[in-house]
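Colleague: Reproduced below are the annotations present in TrEMBL:
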- Thr51, Ser52, Tyr53, Tyr54, Gln55, Asp95, Asn144, Gln189, Trp304, Gln305, Leu306, Leu314, Trp336: cyanocob(III)alamin binding site (BINDING)
- Cys64-Cys106: disulfide bond (DISULFID)
- 259-334: domain 'Transcobalamin-like C-terminal' (DOMAIN)
Amino acid sequence: EPPPTGRLALYLLGLRAACPPPGAHRSLVTWLKFYLEEDWTGSRRHGHPLTSYYQYGLGVLALCVHHKRVREEVIRRLLTAQHHGRLGHGGNTVDTEAVVALAFTCLEQRRLVETRLAAELRAAVHSASKSMAEAQGPDGIIGNIYSTPWALQVFLATDMCQTEPAFGQAMAALLENLEAFGTAATMAQVLPVLHGRSYLDIASAHCQEELDVLTPTDVEPPPEVPGNKTVQLVVECPLPWCYELRLYDRAVAVPAAASLLDVLRAAAALQPHDFKFHTQDTPQGPFLTQVLGLEARQEKRNYWQLLTTPNTPLQMGIADYRPQDGETLILRLSEW
C-alpha cells in the first residue's frame, strides 16, 4: 500500500495546533520525512508520488509548521510538478495547488530555505494564487466547495485577502454552504478560515498562553427521516474507454435519508454480480475509484465524476451527498 503521507501530515498539523509537550512529536516527524522519500519511489515508473501531490504537499507543509527543514530536492519535486501542470487529480487542481502554495509560503516565511529558492517559491505562490482566482465560478466557489477553504487559506496566509476580489466572493459562498462540512477533516479545513486564519498560524502559536478549553461533548445522531425514495442511477463511460456510453441505468429504492454511497450499496445488493464498485478511504471520506470493473487511475488521468442531470457536478462526496426523491445521478468516467 502507498505510504500514509497525508494521514500522518494531518495528524502532525493537528498535534501542533493542540500544543503538545516538547519532544512529543519528534519520532513522528522522522517518520514523515521517511514517508516523503518512500512516497517518491513511484517517480521511477510514473513520474509522480505513489499517493498524490496533494498528500506530498501536506507532508512538506506539516514539516514546515513543525519548524523542520526540508531537503531542496523534495521541494523542487513540487516546484517542477507545478511548473509543468502536473498537480491535477480528480478533475480539480485547486486543493492541491493551495496545499502546495501553503507549503511554499511557510518555507519562505519561516526562512527555512536559502534566498534564491525563496524567490522561486514566492513566484510559484503568486502563480498559484492567480490560477485559483481564475478558477472561481459565478457562484463564488473556487474549484468545488471543499477546495474553497484551501484557496481562502492561501489568500489569508499571503495577505491577498485585502486585495483579491475572489476572497470576499468565496467567503460568502462558503458561509452559504457550511452544511457541506460534516466530517472532522472538512471541518478542520474550514474552521481556520472562519476565524481569519490559515494552517501557517499554527507555526507561530504561543502554546504557553493557550487556555485548556477542550472538553468532550456528546454528539447526537442525526434524526431518522421516515419513508423511502427512488433514485435513478446511471453509469456512463465515453470513448476512448468504452464503445457504449451508458453502461447502467436503473431506478434504486433506498431509505429517505440515504446518501449516494447508500444508493451504490443498494444497487450492488440488487445485482451483486452485475453492479460492483470500490472506494478508497481518504481524510475527506470515501473516494469512488472503480465502477462496473472500470478503474479510475491517476496515471491514466481519469476519475469518476459525480453529476446530477442534466450535467451538474456534485459539490459533495459520495458519503455526504443525499439525493432527492426522483433525482437522477450520473457516474461518468471523465478525463482531467
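Each Cβ is built from the backbone N, Cα and C atoms, and glycine gets one as well.
Fair warning: this is a prediction, and the values are worked out from it, not measured in the lab.
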Colleague: Please work out the helix, strand and coil residue numbers for the domain 'Transcobalamin-like C-terminal' (259-334) from the DSSP assignment.
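Modeller: Split by secondary structure, the domain 'Transcobalamin-like C-terminal' (259-334) comes out as 14 helix, 31 strand, 31 coil.
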Colleague: How big is the gap, in Å, between the Cα of Gln55 (cyanocob(III)alamin binding site) and that of Cys106 (disulfide bond), rounded to a whole number?
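Modeller: The Cα atom of Gln55 (cyanocob(III)alamin binding site) is 16 Å away from the Cα atom of Cys106 (disulfide bond).
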Colleague: Counting other Cβ atoms within 10 Å of each Cβ, which of the recorded positions Cys64, Cys106, Leu306 scores lowest?
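Modeller: It is Leu306 that, of the recorded positions Cys64, Cys106, Leu306, has the fewest other Cβ atoms within 10 Å.
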Colleague: Quick one: pull the CA-CA distance for Leu306 (cyanocob(III)alamin binding site) versus Cys64 (disulfide bond), whole Å only.
Modeller: 35
Colleague: Counting every protein chain present, what is the number of Cβ atoms, excluding its own, within 10 Å of the Cβ of Thr51 (cyanocob(III)alamin binding site)?
Modeller: 24
Colleague: Can you grab the distance from Cys64 (disulfide bond) over to Tyr53 (cyanocob(III)alamin binding site)? Cα atoms, rounded to a whole Å.
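Modeller: Tyr53 (cyanocob(III)alamin binding site) has its Cα 16 Å from the Cα of Cys64 (disulfide bond).
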Colleague: Would you mind reading off the Cα separation of Trp304 (cyanocob(III)alamin binding site) from Cys106 (disulfide bond), to the nearest angstrom?
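Modeller: Here the two Cα atoms are 33 Å apart.
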Colleague: In this structure, which of the binding-site residues Gln55, Asn144 has the fewest other Cβ atoms within 10 Å of its Cβ?
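Modeller: Least crowded of the binding-site residues Gln55, Asn144, by Cβ count within 10 Å, is Asn144.
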Colleague: Rounded to the nearest angstrom, how far is the Cα of Cys106 (disulfide bond) from the Cα of Thr51 (cyanocob(III)alamin binding site)?
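Modeller: Rounded to the nearest whole number, the Cα-Cα distance is 22 Å.
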Colleague: Between Tyr53 (cyanocob(III)alamin binding site) and Cys106 (disulfide bond), what C-alpha distance do you get in Å?
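Modeller: About 17 Å separate the Cα atoms of these two residues.
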Colleague: Trp304 (cyanocob(III)alamin binding site) has how many other Cβ neighbours within 10 Å of its own Cβ?
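Modeller: Looking across every protein chain shown, the total is 24.
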